[in-house]
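Asker: Sequence annotations record features per position, and here Swiss-Prot assigns repeat 'Solcar 1' to 4-77. Under the heading repeat 'Solcar 2', Swiss-Prot lists 86-168. Look at Swiss-Prot and you will find 177-265 tagged as repeat 'Solcar 3'. For 5-25, 49-69, 85-105, 142-162, 182-202, 238-258, the entry in Swiss-Prot reads transmembrane segment, with the evidence type sequence analysis.
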Amino acid sequence: MDAPGFTASLVAGGVAGVSVDLILFPLDTIKTRLQSPQGFNKAGGFRGIYAGVPSAAVGSFPNAAAFFLTYEYVKSLLHTDSTSHFKPVKHMLAASTGEVVACLIRVPSEVVKQRAQVSASSKTLQIFLTILSEEGIQGLYRGYKSTVLREIPFSLVQFPLWESLKALWAWRRGHVVDSWQSAVCGAFAGGFAAAVTTPLDVAKTRIMLAKAGSSTAVGNVLSAMHGVWRSQGLAGLFAGVLPRMAAISMGGFIFLGAYDQARSLLLEVGRKSP
């Protein structure tokens with residue numbers, strides 16, 4: 001990947017990430033409280049739905065930038081013909097690698113954000129310092145494995161589907177898709193991926209919110225899912241599925257549309273610069 005492509009992916013990914021995280025934060029808070037083991041009302045209900053937003057704001061730019069930079073770089077390494085049947089595999093590998101890298105940034109901000117979302121009376125900085133003093137750096141990375149195990153299946157569905165829908169639309173229209181068309185494809189791909197990976201998201205939320213030293217805090221995803229299944233059944237595994245689908249569908253529209261638009265503009269500016 002050349003220098004203009006590097007810069008375009010870095011900046012466009014960051015801009016897209018900040019945009020979607022801040023716009024859709026209330027839906028994310030509602031989803032987190034629905035999945036909380038203490039229940040929606042005790043976790044705060046509809047009160048203080050912007051609790052934890054500083055953590056999201058700080059982490060969103062570097063997180064999204066790291067993902068898209070890795071995604072585009074891995075795609076550039078895995079050359080395939082435009083008609084190759086291996087294109088979906090390339091997109092899967094690129095997205096999976098991107099998630100592993102991005103989660104190194106995402107997980108600490110996610111841990112702080114989710115704890116703030118279910119205890120709106122506590123300040124984000126206070127929660128961050130409490131985690132550091134009581135659990136150390138390890139506490140900030142609690143749920144790293146469960147987050148990666150959620151994000152990789154999500155990306156294995158979302159990104160190949162997004163790329164395939166764009167290619168199909170471009171073929172039907174006879175030209176490369178516009179940014180808004182890319183956004184529509186992103187919304188559909190994101191909503192579908194969100195629905196099928198909700199049980200993994202529930203497990204990740206329970207692990208991040210669990211009390212230090214508890215069996216759930218160990219981070220075993222299957223054990224967390226089994227615990228939810230035993231206590232709440234299928235409804236528990238799909239708790240928050242509707243706000244999650246709504247947030248990620250709208251997020252896919254904003255995120256992938258903004259990314260395509262910003263990257264195209266940055267590359268165009270780069271070509272015009274002397």
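Glycine is no exception: its Cβ is also placed from the backbone N, Cα and C atoms.
Quick one: how deep are these features, and who are their neighbours?
Answerer: Same-chain residues lying 6+ beyond the ends of the transmembrane segment (5-25) with a Cβ under 8 Å from its Cβ atoms: 49-50, 52-53, 56-57, 60-69, 71-73, 76, 247, 250-251, 254-256, 258-260, 262-263, 266-267, 270.
Long-range contacts of the transmembrane segment (49-69) within its own chain (CB-CB distance under 8 A, at least 6 residues past either end) are made by residues 6, 9-18, 20-22, 25-26, 28-30, 98-99, 101-102, 104-106, 108-110, 112-117, 119-120, 124-125, 128, 255, 259.
For the transmembrane segment (182-202), same-chain residues at least 6 beyond its ends with a Cβ under 8 Å from one of its own Cβ atoms are 35, 146, 149-150, 153-155, 157-159, 161-162, 165-166, 169, 221, 224-225, 228, 236-241, 244-258, 260.
For the transmembrane segment (238-258), the residues of the chain that approach it from at least six positions outside its boundaries are 12, 15-17, 19-20, 23-24, 27-28, 30-32, 34-35, 64, 158, 162, 179-180, 182-191, 193-195, 198-199, 201-202, 228, 232, judged by C-beta separation under 8 angstroms.
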Asker: Where DSSP helix means H, G or I and strand means E or B, what are the helix, strand and coil counts for the repeat 'Solcar 1' (4-77)?
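Answerer: Helix, strand, coil within the repeat 'Solcar 1' (4-77): 56 helix, 0 strand, 18 coil.
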